[in-house]
Amino acid sequence: MSTYKLLLLPGDGIGTEIMREMEKITQWLTAQGIIFFETETDLVGGASYDAHGTPVTDAVVAQALKADAVFMGAVGGPKWADVGFANRPEAALLRLRADLDVFANLRPAICYPALVGASSLKPELVEGLDILIVRELTSGVYFREPKEIVTLEDGSKRATDTQIYTTGEIERIAKVAFELAQQRRNKVSSAEKHNVMASGILWKQIVTQVGKELYPSVELEHVLADNCAMQLVRQPKQFDVIVTDNLFGDILSDVAAMLTGSLGMLPSASLGNTNPVTGRRFALYEPVHGSAPDIAGQNAANPLAMIGSLAMALRYSFDRGDVAEKLEKAIINVLANGTRTRDIADGAQAVGTSAMGDAVLAELQKLF
Ligand SMILES: NC(=O)C1=CN([C@@H]2O[C@H](COP(=O)(O)OP(=O)(O)OC[C@H]3O[C@@H](n4cnc5c(N)ncnc54)[C@H](O)[C@@H]3O)[C@@H](O)[C@H]2O)C=CC1
Ligand SMILES: CC(C)CC(=O)C(=O)O
Ligand SMILES: [Mg+2]
């Protein structure tokens, strides 16, 4: 059996705490011979800035390009609030996503039965919820130039961000969304703002064309992104796959997180083309949430988004859907047993980050 090389980048804040819990599982899977992982851990984000003066070193990027999969905890925090734009911890994340060209960010939002009451919406709106946001991840306003703040003659300033999307960029993310919809409930909702944005007009045209030419049997609807946000909290179960750009996908996935009970529940997979070094798709796995400075260092973070990201890796990078299903089942069982971190405890007794990780591992062990 092959040994897979994982690059672990815990990052800042709760990133280090949740990565530790995920590692308990990779170590156990390896020790049991279920799947062999060899891990290397390095700095990223503010931690890398403090050590090396840059949020990600060229050496770490080189390691990422050779890895079978990269796992990120989270980056950022108030400590680096005054660091210039190019060296902010978040810049590391953008560079890794760009250099690996992991353009397809899959963000599933599933409301597990035991957490129906933890959602901020009424139980009947979220019971059985299973939606997938497919976010374009390597273009759009987070990446395109010019991106600058200039001082004008009168001393005032002008800030510019640039939204650009090309046909090719839209086509490739649309194909991912349609392919995934075919394995689910066969419906794609494309969210943009063609009423006010040129990129929205092109987005709508290209998604329509891809759907008509290649996936005529998949239902396609177009929804303005602001309405999509509203519909997500009004009637979320109307959606199956939502395909959208980088900025809207960032926002809509945080909205979707609360339907499941907590931002700490949402995993993600960011996938690219085949890596000639590994023969596997470039892949970066990370929770949807950030470094949560408000709870960092308290053993209070929910590690399930990070552990769920490992389940996605087992499925999308390592063709081990069987192990992924067991890991997801272990998460469901732990929640069904009433084990809760603070974010999903709804006022009830909560366990810490490490106890939640231990509980998932114990459940997983029972399933083998
Ligand atoms: N992928 C990444 O590394 C991301 C980094 N960030 C960065 O993280 C820093 C903090 O950003 P925020 O806006 O506060 O967003 P955040 O996602 O870190 O936190 C938002 C809220 O959700 C809670 N939360 C998040 N994850 C949780 C978990 N696993 N368990 C329990 N509660 C959890 C936090 O305690 C906080 O109240 C910023 O520097 C931001 O730029 C933000 C989003 C993504
Ligand atoms: C650096 C940000 C774009 C990270 C973020 O909020 C996300 O990807 O969800
Ligand atoms: Mg975000």
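Backbone N, Cα and C atoms are what each Cβ position is placed from, and that goes for glycine too.
Not measured: the values here are computed from a predicted model.
According to TrEMBL, the protein carries these features:
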- 77-90, 290-302: NAD(+) binding site (BINDING)
- Arg97, Arg107, Arg135, Asp226: substrate binding site (BINDING)
- Asp226, Asp250, Asp254: Mg(2+) binding site (BINDING)
- 5-360: domain 'Isopropylmalate dehydrogenase-like' (DOMAIN)
- Tyr142: site 'Important for catalysis' (SITE)
- Lys193: site 'Important for catalysis' (SITE)
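Overlay of TrEMBL feature records on the structure.
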residue	record	DSSP (3 states)
Gly77	NAD(+) binding site	coil
Pro89	NAD(+) binding site	helix
Arg97	substrate binding site	helix
Arg107	substrate binding site	strand
Lys193	site 'Important for catalysis'	coil
Asp254	Mg(2+) binding site	helix
Ala292	NAD(+) binding site	coil
Ala300	NAD(+) binding site	coil
Next item on the list: Go through the recorded positions Gly77, Arg107, Lys193, Asp226, Asp250, Ala292 and pull out the ones with a Cβ less than 6 angstroms from some atom of ligand 3.
Entry: Asp250
Notebook entry, point to check: Once the DSSP letters are reduced so that anything not helix or strand counts as coil, what is Arg135 (substrate binding site)?
Noted result: strand
Checklist line | Candidate with the highest Cβ count within 10 Å, taken from the binding-site residues Ala81, Ala292, Ala296, Ala300 | finding: Ala292
Notebook entry, point to check: Can you count the other CB atoms that lie within 10 A of the CB of Arg97 (substrate binding site)?
Noted result: 23
Notebook entry, point to check: Listed recorded positions: Phe85, Pro89, Lys193, Asp250, Ala296. Which have a CB under 6 angstroms from an atom of ligand 2?
Noted result: Asp250
Check: Between the recorded positions Phe85, Tyr142, whose Cβ has more other Cβ atoms within 10 Å than any of the rest?
Finding: Tyr142
Checklist line | Those recorded positions of Ala81, Phe85, Pro89, Lys193, Asp254 having Cα within 10 angstroms of Arg135 (substrate binding site) | finding: none
Check: Non-local Cβ contacts of Asp254 (Mg(2+) binding site) (under 8 Å, 6 or more apart, same chain)?
Finding: Leu263, Val288
Checklist line | Whole-number Å value for how far Ala296 (NAD(+) binding site) lies from Arg97 (substrate binding site) (Cα to Cα) | finding: 24
Next item on the list: Just give me the nearest neighbour of Lys193 (site 'Important for catalysis') among the binding-site residues Phe85, Asp226, Asp250, Ala300, Cα to Cα.
Entry: Asp226
Note to self: Can you give me the same-chain residues 6 or more apart in sequence from Pro89 (NAD(+) binding site) with a CB-CB distance under 8 Å?
What the structure shows: Gly11, Asp12, Val44, Gly45, Gly46, Ser48, Tyr49, Pro55, Val75, Gly76, Gly77, Trp80, Val83, Ser291
Next item on the list: Using the structure shown, find which entry in Asp226, Asp250 (the binding-site residues) has the sparsest Cβ neighbourhood within 10 Å.
Entry: Asp226
